[in-house]
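A short worksheet on the structure shown next.
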Amino acid sequence: MEYNFSTIEKKWQDYWSKNSTYKIVEDTSRPKFYILDMFPYPSGAGLHVGHPLGYIASDIYARYKTHKGFNVLHPMGFDAYGLPAEQYAIQTGQHPEVTTYKNIDRYKEQLAKIGFGYDWDREIRTSEPGYYKWTQWAFLRMFGSYYDNIQNKALPIEQLVSHFEHKGTEGLDVACSDEIYFTAEEWKGKSEKEQQEILMNYRIAYLGETMVNWCAALGTVLANDEVSEGLSVRGGYPVEQRKMKQWCLRISAYADRLLSGLEGLNWTESLKETQRNWIGKSEGAEIKFHIADSDAVITVFTTRVDTLFGVSFMVLAPESEYVSVITSSEYREEVEAYLDATKKKTERERISDRRVTGVFTGGYAIHPITKQPIPIWISDYVLSGYGTGAIMAVPAHDSRDFAFAHHFGLPILPVVKPLDGELLPVEEWKDSLDSKEGVMINSDFLNGLSVRDAIAEMKNYIHDHDLGRVKTNFRLRDAIFSRQRYWGEPFPIYYKEGMPYPLPEEQLPLELPEVDKFLPTESGEPPLGRAKDWKTQDGYPLELSTMPGFAGSSAYYLRYMDPHNPEALVDKQKNEYWKNVDLYIGGTEHATGHLIYSRFWNKFLFDLGIICEDEPFKKLINQGMIQGRSNFVYRIKETNTFVSLGLKDQYDTTAIHVDVNIVHNDRLDLDAFKRWMPEFATAEFILEDGEYICGYAVEKMSKSLFNVVNPDDIVAQYGADTLRLYEMFLGPLEQSKPWDTKGIDGVHRFLRKFVGLYDNITDEKPSSEEYKILHTLIKKLGQGIESFSFNTCVSAFMICVNDLQAGRCSKIQILEPLAILLSPFAPHLAEELWQYLGHQNTITREPYPMLEEKYLVEAEINYPVSFNGKVRFQLSLPADMDKNEVEKVALSHPDTAKWLVEATPKKVIVVPGKIINIVH
Ligand code: ANZ
């Protein structure tokens, strides 16, 4: 058979699409398996060879599982909303939908060429109204729910209203923004607007005041990674911290469940650890500090209550509401200046910046036990969104507090010495206090305790003396859910007397309106402010923000189960069948974004009884990155002459990235180089042995580094099956590795050899050796696929084909199963071979060859037979023959009589599987 890969691949791609080979329907007679790739954002640059790495792996696994008899759901779609399309729209005036759809078409074309077995009938695009209807719907449900800490789940807000009507806030333990208390009578006495304001404190989707990165020039809030050193990454415009009303999702209510849920997941330990740190559970206490000459009380959060006696000052976050209360007029000016300065720093910069800055407020708190006055300072190392936004500073124990005290000359108070602590015993530091007047030190009970016990003791003390309470904090913040952008899901919200109200569900989807420009309005409103008639039928104005990128990707995996359902996000029965994702493959960059948001979103829908599983992704694999392998040419400074790598040190040169597509095995194609850019048209070269050798480096694959390799080019040159095998051959799936086409010829030759086995097929019975070769492959493939070491599978194939070729095996009973084994990896070729063997149907659902261990054990053993220790002849016997039987056969062998001559054997020594020695 000839291996004309381009004809073969085109033929089977057409066949699959014409016959809907990969169409999947729910089928209760077969076990299900759900494999998902993180769906791509279709960028203008198209796919490079790094993108399909994970997709090829999941496709191999999906095809393998299908052969194994599973009903495999393996869908694909597009994360179609996003910033780049909108930026492009601003620059060119092209509607983001137009460019996005164009990019999607290109992606689909590229994906089709690689031969993926997706069920395209299930394709979703997050920007389509039929899809985002369910994103909006979920948002409305979150708006209409609160979180009950006792039942540990989300409940309809009506239940909370009913509780308020009967008992006010008494007996409530619910997630909220601020702790507030009122009676049933007080609730009933409030106006509708007041009641709505109160409910906002509890809703899971709520409008909250939060600090955001505000970029006035761009007219939008920016995410942390869009800001660098106080400037917008795009455009370099100033960004400041601003308190703004934004839609938020109360993810923090789910912190404990997001943490404990990790235990049951088959994810890598490092990914789980990243999520654990992000969620950041911290057990400590809140302690109340009264303010001198005032009724105000500042509460601090500490994990080290045992250090309470070492507090020598307090620090407020610059945004703390107490700043204005406490600052005395004498210090006001200085404080204001400091607050202005900190607005320029993002939170991330505040955390990483180790420089000490701060101002004194002029105010004092009273130590709750010693009753000493404690100066209150402001500094940006205290973050407003964590704990209470205020700390008790213990410079003797905490390094940041120490740096602060040291910088500003504040006292560093020794603390009671715990057993494993590093400070002085209480007797010594008691005397070192300046003023013992009024000091009530009752801390001996901590002396000699371990830190753990001291913390426990102190927690009891605080509780018993009503100084505060035990408190667990989480670092996980509520997610800011609005963007002042155009290309996103509109919020199904309208405003009446300034209060937000939900649109009725029947009115969903609320479609994204047209606008004349994709920019903020003159008065600084988001782009939706330009839309005509952007109001409800009753004339109430609609929300102008849109949802962020992660909205559409949070529940997409559910929609694939039932993508066209106009009545529900997912039909109950279909959800019961597919349940959740058995295997999710994608990049690590989503560890704390998408993978937290979607777990939260899923848990919320689970609480409402809409879906049947509490976690979305059972097993998760992070594929490594394929890095680019860049090439360089060396231009002699101030000339247009380029010198080859080996000679470059003799000149003063500048290294310039050169397009890897005009370099082959590090040798530059000189003519192509001259054509590449006008400035190189007149280039001259200093060669080595008649060739120009380029330098190389492994870097990120990126357009700007000219090291992008397009899979289309590889497919045209070698075929998709070679590309698939080669990407897997590069190394273990989870490792990052550079793209290097050096080995690709070898992989391609392997496929040609594979095809060669199918010439002159016979139906002779295979030998045990041939069965052994086949079953060794089955075994190695099974192990390789199940452990996602697809590179070992490719090597196993190569060994197998070499062995079969060496024995000139052309037996159908070996070659037929061999085609099925190849099918997950090189599906086009496998189909062609299958047809060549006389089959009418697609190979896709052929049962996977079963491993039969019996072929792997040696059937016969070659015994050397010795006489008085000298080997005289060989005897081949079945491997399972027992010792007595071996002895009998050996003695009755005609050659034995020959070597014994006349002698009688005295003793026969048999070591089973090894030797026979006859002593005479
Ligand atoms: C006194 C103390 C003494 C503290 C000591 C630590 C060590 P985690 O583990 O991250 O929860 N803290 C509290 N709120 C803060 C805020 N908004 N911004 C910055 N720091 C804050 O850390 C909790 C500890 O971080 C708290 O315990 C508090 O300092 C500080 F030897 O209180 B500690």
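If you go along the chain as it appears here, the first residue is 1 and each next one adds 1.
In case you wondered, yes, glycine gets a Cβ from its N, Cα and C as well.
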Check each of the ranges 465-469, 590-594, 700-704, 710-714 against TrEMBL and return the one annotated as motif ''KMSKS' region'. 700-704
With the greatest number of Cβ pairs under 8 Å to the domain 'Methionyl/Valyl/Leucyl/Isoleucyl-tRNA synthetase anticodon-binding' (774-883), the stretch among 11-144, 276-461, 699-726 is 11-144
Intrachain residues whose Cβ lies under 8 Å of the motif ''KMSKS' region' (700-704), provided they are six or more past its termini: 45, 48-50, 625-628, 739
At a C-beta cut-off of under 8 Å, are there same-chain residues at least 6 beyond the domain 'Aminoacyl-tRNA synthetase class Ia' (699-726) that contact it? List them, or none. 5-6, 8-9, 45-52, 56, 59-60, 110, 113-115, 625-631, 657-661, 739, 741, 743-744, 747-748, 750-751, 794, 825-829
Coarse DSSP state, helix versus strand versus coil, of Lys703 (ATP binding site): helix
Are there residues of the same chain, six or more positions away from Lys703 (ATP binding site), whose CB falls under 8 angstroms from its CB, and which are they? Ala45
Secondary structure split (DSSP) over the domain 'Aminoacyl-tRNA synthetase class Ia' (11-144) reads 71 helix, 11 strand, 52 coil
